[in-house]
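J.: The following block contains the structure, expressed as structure tokens.
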Amino acid sequence: MVSHQVNTLRNVVGITGNVISFFLFLSPVPTFVQIWKKGSVEQFSPVPYLATLINCMVWVIYGLPMVHPNSTLVVTINGTGTAIELVYLSIFLIFCNDKKKRVRVLLILLVELVFIAILTALVLTVAHTTGRRSMVVGIVAILGNVMMYASPLSVMKLVISTKSVEYMPFFLSLASFANGVAWSAYAFLPFDPFIAVPNGLGTLFSLAQLLLYATYYESTKRIIAARKETKVEMILSEVVVNGNVDTKNSLLTNPSI
């Protein structure tokens, strides 16, 4: 009876985790809409999306029946995440004006795909029990999850140095926090250290991002307002200068004026 109730609760928490994770994967959509409209990736970093992609692909392997039975919910959400991250990276590559950065992203993407292929082949041929397969892939998955949650650290450094959260999407940080909490709870029904450890760390990383956002939110508004004001002043200066030039040209061409 208790086991049935725990299993039911686990499924409920897992489905909740799937929903939150889905919104986590969709949270960068406003960022990519902005990239699409401006036609440039500006200072946005591809690191979080590359880290999330490799993380999702590893968890798909972990959730396979021949690796870790009864983990369908792990496969469904991470398979969805893999597809979404590939779309993001495609958009990033299209609007990346820096040729070196574009090549670097493509090389990293290729390395990730080769790594996943090798990992899958080795796990299914060398390890002959689900217990061993789960352990091997689980360890790799922990590293992948930590990379995904820690990937915004470079952005956090930029936030601290510029005192602006303009390039650290709020909804991505919020969704990461909610996702970490949900999957940490799932990992204790029953206890799965390979899910608990990375998601516990992910919760802490995401909380740190939210604290940074709260700290620099006001200064970000001031910086953006100052930038807009400067832009307006520059436009007005150009109008005045061009107006003077036009007046001089008119006097030269029409001395009678």
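From the backbone N, Cα and C atoms, a Cβ is placed for every residue, glycine too.
Copying in the features that TrEMBL gives for the protein in this structure:
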TRANSMEM  12-35  transmembrane segment
TRANSMEM  47-67  transmembrane segment
TRANSMEM  73-95  transmembrane segment
TRANSMEM  107-129  transmembrane segment
TRANSMEM  135-155  transmembrane segment
TRANSMEM  195-217  transmembrane segment
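Describe the structural surroundings of these features, if you would.
T.: Here the transmembrane segment (47-67) has Cβ contacts under 8 Å with residues 25, 28, 73-75, 78-79, 81-82, 85-86, 88-89, 92, 105, 108-109, 112, 115-116, 119-120, 123-124, 130, 133-134, 137-138, 140-141, 144-145, 147-148, 150-152, 154-155, 172, 194 of the same chain, all six or more residues outside its ends.
Non-local neighbours of the transmembrane segment (107-129) in the same chain are 50, 53-54, 57-58, 61, 66-67, 89, 136-137, 140; each lies 6+ residues outside the stretch with a CB under 8 Å from one of its CB atoms.
Using a Cβ-Cβ cut-off under 8 Å and counting only residues 6 or more beyond its ends in the same chain, the transmembrane segment (195-217) has close neighbours at 141-142, 144-146, 148-150, 152-153, 156, 159-160, 163-165, 168, 170, 173-174, 176-177, 179-181, 183-184, 186-188.
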J.: Taking a Cβ cut-off under 8 Å, which residues six or more beyond the ends of the transmembrane segment (12-35) line up next to it in the same chain?
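T.: For the transmembrane segment (12-35), the list is 41-42, 44, 48-49, 52, 73-74, 76-77, 80-81, 84-85, 88, 91-92, 95, 169, 171-172, 174-176, 178-179, 182-183, 185-186, 189.
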J.: If we skip the immediate neighbours and take only residues 6+ beyond the ends of the transmembrane segment (73-95), which ones have a Cβ under 8 Å from one of its Cβ atoms?
T.: 11, 14-15, 17-18, 21-22, 25-26, 28, 32, 35-36, 39-41, 44, 46, 49-50, 52-53, 55-57, 59-60, 62-64, 102, 105-106, 109
